[in-house]
Amino acid sequence: MNLRASMFWSYLNQYGAMAIQFVSSIILARLLMPEEIGIFSVAISFVALGQMLRDFGIGEYLIQEKDISQEKIRTGFTLSLLLSWTLGIVLLLLTKPISDFYGQPGLEKILPLIAFNFFLIPFGAITLALLRKEMRFDLIMRIQLLSSLVQPVVSILLAYHDFSYMSLAWGSVAGTATSVLMSQFYRRDRLSFSLTLSNWRSVVGYGSYNTITNLSSSLGTSAPDLIIGKVLDMHYVGIFNRGLGLLNMVRNLVIGGIKPILLPHFSKKHLEGDEVLSTSFLDMTDVLLFIFWPILGYIAIFSQEIILILFGENWIEASPVLAVLCIGSIFGTTIAFSPELFKASGNIKILTYISSSFSIIRVIFVLAGSMIGFIWIPYLWAFVS
């Protein structure tokens, strides 16, 4: 599939998922309180950190690998299975300590259910990676769009029937199960579930740096939920998450459609030469800035009206958070495509050092902001951007 067709299906997938997420977030904001959203946000942050370890760069290794073979694919599946199930068990064992650390009994209920995702994901993750390598974004759209629909539908129905934060956890599991089941229709001869570790060195060699990069990035992203939830309370977790979540929703609307295409596309351009790769990167960045900067400016100016219209008065505290984060994102957007550039050009070590450094700074700043006062957190977050 060529680049234009891939972009069409990827953006259709992204916009469809965004529309579903947008509508469902408005509905859930009226069914759940900030504290309930906060509990789920903290729980899902631990899962997100685990996901970075679980993936281990296996999917991206298969995408960028020139000499792909069934042995390497099966090795990728085996490693994915071992890592996922191990992390699922670890999260189950840590449920009580995490709950006690935050003083939130709700975490003891929600974490075991969310941990179940780790036992499902390996059976769909490799197939999705291979479809990305083949740039079959039409098939990926069918899988992910249905999953994106099932998750909020289940969450909304259960929230309406007073399942509180557990409704979001059940929705998460339902979405993952749907994705795994759908991926089986397109597995065919792409992947055998037989186990082998015959090519583990090549996978681990790439995956170790990729994992450090993704883990540090995820830690930086999850820092507000994990730190605010401990230093302040779940109410402020929900408020910050609402502002950041809306910004990420808009960001994904603009960038999300092309992000999955970038690594396979840049990898092909890299084969044509560094100059071709550099030109492609700069051209795409120029287009992104031309589109995204005016949108960010508009949201920053009218953040209060946007929050009131979409989520209601319960979330009005999120409006200054949203405004400040939008201003910070104006600068951050200039390097939005850099991770894929580093990976495609074989410079993942450099990306690891950069990502780790900024994540450490972000964690320190969020911790400092939590101690000084909640209002400082978005300013410090934006400064790091």
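For all residues, glycine too, the Cβ spot is worked out from N, Cα and C.
What TrEMBL says about this protein:
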TRANSMEM  12-31  transmembrane segment
TRANSMEM  37-56  transmembrane segment
TRANSMEM  77-98  transmembrane segment
TRANSMEM  110-131  transmembrane segment
TRANSMEM  143-161  transmembrane segment
TRANSMEM  167-186  transmembrane segment
TRANSMEM  287-312  transmembrane segment
TRANSMEM  318-338  transmembrane segment
TRANSMEM  350-377  transmembrane segment
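Among residues of the same chain six or more beyond the transmembrane segment (143-161), those with a C-beta under 8 A of the stretch's C-beta atoms are 13, 16-17, 20-21, 23-24, 27-28, 31-32, 124, 128, 167-168, 170-172, 174-176, 178-179, 182-183, 186. In terms of C-beta pairs under 8 Å, the stretch of 37-56, 110-131, 167-186, 287-312 lying closest in packing to the transmembrane segment (12-31) is 287-312. Sequence-remote contacts of a segment are chain residues at least 6 beyond its ends whose Cβ falls under 8 Å from one of its Cβ atoms, and for the transmembrane segment (167-186) they are 28, 32, 37, 40, 43-44, 110, 113-114, 116-117, 120-121, 123-124, 127-128, 131, 136, 139, 142-144, 146-148, 150-159, 161.
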